[in-house]
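Trainee: Structure in C-alpha cells, see below.
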Amino acid sequence: MSASLSLLERLDELLTVVDEEEDYARAIPLFQEIYFKCLLHESKFQQLLKQHINTINTNTSTGSKNDRLTVLQAYAYYRLEHYEKALQLAQECPQSSTAAQHIKAQAFHHLHQNTRAMQAYQTLLQTSTKSCTDQDNQDNDDNQMELYTNAMAVITANATPYLTDDKHQQVTEQATQTLLNQQQDTNMEYPYDLAYNLATHALLTANTHAKRHKAITLMKQAHKTCTDDPREIKPILINLTWGNILWGEPTSTAANSNSNSNVNTKTNKNKNKTNTPSEKIMTLIQDVIQPNLIQLPALNKKTLQKLIQALQSLLPDDTSTTKPKLSPLQLKICYYNLALTQLQAKQYQQCRDTLQSFAQTTLHTDIAVNKKKKKKNNNNNAESNDSNTNDTIWWQQENTKDDDSTLVYLQLHLMQLNSNNNKSQAATAQQQWLLQQVQSQDAVTHPAMIATLAKTYQDQNQTERAKDLLMKLNDDADSNANGNQIMAEMAMAQGNYEEAVQFYQLILTAEPNNLAIRARMVEALAHVDPARALQEWKTMEQTEMDQEEDDDDEEEEDLDGQELEQRALPRIKHDAAAAGLTSSATAGTDAAAANKNQTKSQAAVVRRRAKKRQEYLDKLTQKGLYNPLKPTRPDPERWIPKHERQRSRRRNKQQHKGAQGGISSKDAAKLDVAARANNSNFNNSAAASGPSTAHLTVAGNARKGGGRRR
C-alpha cells in the first residue's frame, strides 16, 4: 500500500512540474524514479541496473546525484543477492533515508555481521515515530512489524542455548507486543514470519517446560497461517519437529494430526497427478514425524535415514531450481541438524563432509577470494585436508568485523568427532592447535563458547583449564551468566544428572539461599538419589518458611496506613487471543510499588496468627490473668449471642414465675364471705366507705330502636 501511494505521489508531482511549472529538467529524474519503481514491482532487477548505468552516464556532465535512484539500485542488488554492493550503495545514501537504512541492516545480516545488523535495527526502531493521520499510522505499524521481524531473526541467529537472552529482552518483549497487536486487528494478515522468529528464539533460549510449550504453540500458529506458501512451511515444520525431539519431549498427537491433515489435504487433491518435489519433501517429513518419537537416541536406523533425506532435500545445490530458498538462519539450522543426525546414525564421513560444506557455504565472497590467494602463496606448505578447513574458519574470523562464533562451534564439534574416531598423534596435535586458535579469538567472550571449551577440556582430563575458563565467566562483571550453571543445564538436557548435581553444588556453595538452583538440584537428585532429593526438598521448604517469616517482620515495620490508602489497585489486562503466548499486567503510576507486596500464602497467614497469639498469652500471664499450667477451658458457646447461651437461659426461666391469679390481701378479704360476716369492722368500713350510688344513672347513650333486647 505504501509503495502504491509513493508512486501516486510521484506521478502527481510529475504532472505538476510538467503541466503547471513546465520545469522539464526537474521532470526527468521524477520520470526515471517512477520507471525504476515499476521495474522493481515487476522484479526486473537486471534491466533496472542496466537502465541505471545509462542514467549515470547521462548525468555525468551535470554532476548531480539522485539519492532516491541510488536506493532503488541498492535494493535491486539486494534482491539479486549481491549484498556487498547493496551495502556499499546504502552507506553512500544519507542517514535520513529510512529505506537505505533498511537495506544496510539486511545486508549486514546476510553477510553474517549480526552485531552491526542489530545496531542498525535498534537505531531504526528508536527513530521510528507515530504520524498523525490514520494512513500514516497504518504504514508505521507495518514498518515496525517488519523491523521487529528482521531484528528477531538477528537475535535468534546469535541466541545462546539453555540461557535466557537478557541483553535483547526489551526488543523481544516489544516484538511480542507487536505480534499481539496484529492478532487483535482482524483486518490485518497474521504475521507468521514474526511468529516463526519469536517461536524459534523461544525454543533456543527456553529453560522451562512452560516456555517451551508456549513456543511450540506459537510455532503451530505460524505453521497454520502459512500453509498456502510451500516455500515457508517446510522450515517451520522442521523446526517444529526438532523443537519436540531435541528437547526430549514427546511429539503432540494433536499437533501431528493437524499437520498431517494439512499435508494429506494437499496430497489427496492431487492424487492422480505427479507429486512435485515440494510435496515429496512434505510427505517425507510427515513419515518422519511420529507420536511415539520421544528423543533423538530412540530413533531407529530407518527413521534416521528418512530424516537425513528430508534435511538434504532442503539444502541448496546447483542442480535443482525447485528447492525452497532458505534464509541464513534457516540454512544454519538445517546444516547443523543434518550433521547431528548423521553423527547419531554413525555416518562419520558424511557428518564431516556436511560440516565442511557448511563452513564453505557461509563464507563471504571477498573472504573466499582472499583464501584462494593465500593458498596460492602457501603451496609449498604441506597441510592435511582438515587443516584447510581450519584455515577457512580462521579466515572467516579474521576478515569479518562481526563476532560470529557459529563456525567455531561447528569446528569444535568436528574436533570432538575426530577425537572419538582417531586416536593418532596427528589428531591430538591438531586438537591442541585448534584449542590454541580458539582461545585467541574474540568469540571466547561468549558464555556458550566458554562452556563448550570447558567441556572439551574436561573430556580431555584437563580439569584445571576448564575451571580457569569458567572462572573467567564468573569474574566478568558485564556477564550475567554463570559457568557452572551453563554446564549444569547442559548436563540436565543431556541426561547426565550426576554431573549436573556436582555443578549445582558448586553454585550453592557461593549462593546458599538460591532456591531456584536448589530446586534444580533436587530435580537432578530425583533421578539418581531419591532419598537425598527428599531431604533437600524438606530443607528447602524450611528455608523458604524462614525467609517468609523474615519478610513478614519487615513488612510489619515498613507498612504505612496512609501509603496503603493512596496506593492504586493493579488492573489485569487479558485477551483471549494472547492467552496462548503471554499475559500482561498494567497498572497506574503506583502499580510498580503495588507489585512489590505480593499476596501472602495461607501458610504464612497461619504462622503469623500463631505468633501473635503467643505474644498475647505472654502478656496475660504477666498480668496474672492466665496460667499456662492450668489453662481455662474455653466457653463452647462463645460463638453464639449471649442471650441464647445456657447461663442466660436459666435466668430467663425464673422470670414471670408466680402464683396463678394472685391478688392483694384486701381484695382477698372481700371475697371471704365468712370473714366478712364475722368482722363488724369490715361492715362498718364498707358502709362508711362512701355514699350510695344506686340512684345514679350509668353514663352512656340512649338505647336505640324499639326492638327487643336480646
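Cβ from N, Cα, C; glycine included.
As annotated in TrEMBL:
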type	residues	note
COMPBIAS	253-267	compositional bias 'Low complexity'
REGION	253-277	region 'Disordered'
REGION	369-391	region 'Disordered'
COMPBIAS	382-391	compositional bias 'Polar residues'
REPEAT	481-514	repeat 'TPR'
REGION	542-562	region 'Disordered'
COMPBIAS	543-562	compositional bias 'Acidic residues'
REGION	589-710	region 'Disordered'
COMPBIAS	632-643	compositional bias 'Basic and acidic residues'
COMPBIAS	644-656	compositional bias 'Basic residues'
COMPBIAS	674-689	compositional bias 'Low complexity'
Trainee: To what whole number does the mean pLDDT across the repeat 'TPR' (481-514) round?
Mentor: 80
Trainee: List the helix, strand and coil residue totals of the repeat 'TPR' (481-514) as derived from DSSP.
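Mentor: Tallying H, G and I as helix, E and B as strand, the rest coil: 26 helix, 0 strand, 8 coil.
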Trainee: Per DSSP, what is the residue count of the compositional bias 'Basic and acidic residues' (632-643) in each of helix, strand and coil?
Mentor: 2 helix, 0 strand, 10 coil
